Amino acid sequence: MMPGTGNTPANAWSAPRKLLVTSALPYANGSIHLGHMVEYVQSDIWVRFQKMQGHTVHYVCADDTHGTPIMLRAEKEGITPEELIRRVHAEHYADFSDFLVAFDNYYSTNSEENRELASQIYRALKANGKIATRTIEQYYDPVKHMFLPDRFIKGECPKCHAKDQYGDSCESCGTTYSPTELIAPYSAVSGAAPVRKETEHYFFKLSECEDFLRQWTRSGTLQPEAANKMGEWFASGLSDWDISRDAPYFGFEIPDAPGKYFYVWLDAPIGYMASFKDLATREGLDFDEYWKPDSQAELYHFIGKDILYFHALFWPATLKFSGYRQPTKVFAHGFLTVNGEKMSKSRGTFITARSYLDHVKNPEYLRYYYAAKLNGSMEDIDLNLEDFVARVNSDLVGKYVNIASRTAGFIAKRFDGKLGTVGENAVIAELRAAADSIRESFENRDTARAVRDIMALADKANAYVAEHAPWDMAKQPEQTAALHAVCSVALEMFRLLTLYLKPVLPGLAQAVEKFLKIDPLTWADIDRPLPAGHQIQAYQHLITRIDPKHVEAMVEANKESLQTHAAVVPEQKQVASEATPESVYISIDDFAKVDLRIARIANAEHVEGAEKLLRLSLDIGEERPRQVFAGIKSAYDPESLKGRLTVMVANLAPRKMKFGLSEGMVLAASDERGGPFILSPDSGAQPGMRVK
């Protein structure tokens, strides 16, 4: 896909752009966890990439601070809601900063800017005939003496009949509804059966906006799967949106309605505008340039797929009929699973961002792993903790940093820290030629493809170093000039790889820039190699391997007490650790019959009709790739496998299966503790090499 097609704006590579980017506002009622971090890492990578292109980008967010949950939690803690949200704001900001998420402004929806904008938008909607008042029946908690907000009523979904769903939307099927439509409702505050009482509420006439929304959602503003979901909701009919709540409530009072407050989902997205308005005031920016109806600036929202309804229906309609521009695009992502399952407190996989930082320390390990999984779609991604350790150690330590660690020392010791002439080099030319493809992947949020391509280039750089073996050249005085050239070429490759990885690994890139004594890298630096005689610093360790024990400690620290659970769990079979009995030993001659080869996974895809299999296309240096069916579907997404190196049995007799011919076997580890986990060779291994 070339610039100007698909998801890429026309002239994206040359014309200067002005972008306003937002991430969804985290609710100020709890800690940031690793599921939340998927979105903030994804959006931060995209923003950093755009800034490296030389575009003007403003990246804003805020805490979502209003609603009954905030009010009740503050009451429980014996503090004011304002005190609670100030404390949580500081915690959230620290978590994002330590994960290198670089907001240009991180604000709060409990601000005067947000109050003014929410009131102004409400008045504009009312003037346009889009606000109605209706007397409704609403649930009332007879124990707490309060009307119950949607999220404090639970019951059975009226559409799919899932149990324990909230009063405004079903987390199982995504349907929105009114609380009175719930089956067998109960108060989430007191547990009491609520009673119905009449009250006057304010509604946004969303049903009158359907023609506009049908056009807007099909105009390329949404991913195809999101647009299809819109079609389902249109088919069900759009309901008018209740935008008011009764006192007591922590939020903004509706200007002409004493005792009535804006529903949190009205003023929360307006918080994007308020955060930017605060930034604009501080930095002298023109607020209207980004928000007026004819704005030429681009507006992008990154969100989770669970809040698509609010951002793809309510929000654009609110903007349209109050006189503001609509988003250029809304990017929705999927959920995070850990080890193939929903995050769980009992299993220790409901992990907070702070717990990760306390145990694993380096945020860039997780930034890299998420980048290697995200492809711009709404698919869920899995954090497999063993694969996380293996991939980071293999890719970042064994491949990427390995290039510098094996060559930079010679520059310092033998050449006074000065680089030699790079000249023409086929591998460097290949690295530079990949720039447009990598840029396209980043632009379209397909960081999995970008990372895959970058690591393939790192393999080629490592192969260059291994082929020339500077450690051997250093022993031969007549090879001094060649040694200087080889190490200088390798460090130019390392510089280019650092440039490509910089949106993902900004902290590591900054350390490399200091080591190479260069200005912050931008995309324009691809064709600007370091000149002969350029002085670099002595090489210092850039990154360490992840210790699996730190990951294990993190999981243990996040486990809730399992004593009750353990009492009813049958005894697990002991995993054998004793030496293999002598009766099953094989001779070296027997082992030599097995032809184990390094294989590159050229392609991986699902097999229609197969519950456990993936179809792999394996390159082992032959004329054509081998087709192998592997029972690893439960552990791996096909996209995450493409480009990886693994180990296969190359001389296994072909086996005819109902899905086709399987021409070998990939090796994977598993036992009662988990798996399968495919094997990955160390850096330098190439397709076709024999494992001995």
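Yeah, the Cβs are placed from backbone N, Cα and C, and that goes for glycine too.
Note that the structure is predicted; figures quoted are calculated from it, not measured.
Annotated in Swiss-Prot:
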{"type": "MOTIF", "residues": "26-36", "note": "motif ''HIGH' region'"}
{"type": "BINDING", "residues": "Cys157, Cys160, Cys170, Cys173", "note": "Zn(2+) binding site"}
{"type": "MOTIF", "residues": "342-346", "note": "motif ''KMSKS' region'"}
{"type": "BINDING", "residues": "Lys345", "note": "ATP binding site"}
{"type": "DOMAIN", "residues": "590-692", "note": "domain 'tRNA-binding'"}
The motif ''HIGH' region' (26-36), counted residue by residue under DSSP: helix, strand, coil: 3 helix, 2 strand, 6 coil
Cβ-centroid neighbourhood (8 Å) of the Zn(2+) site, Cys157, Cys160, Cys170, Cys173 excluded: Pro158, Lys159, His161, Ala162, Gln165, Glu171, Ser172, Gly174, Thr175
Between the residue listed as 'ATP binding site' and Cys160 (Zn(2+) binding site), the C-alpha gap once rounded to whole angstrom: 27
Largest tally of Cβ atoms lying within 10 Å of a Cβ, found at which of the binding-site residues Cys157, Cys170, Cys173: Cys157
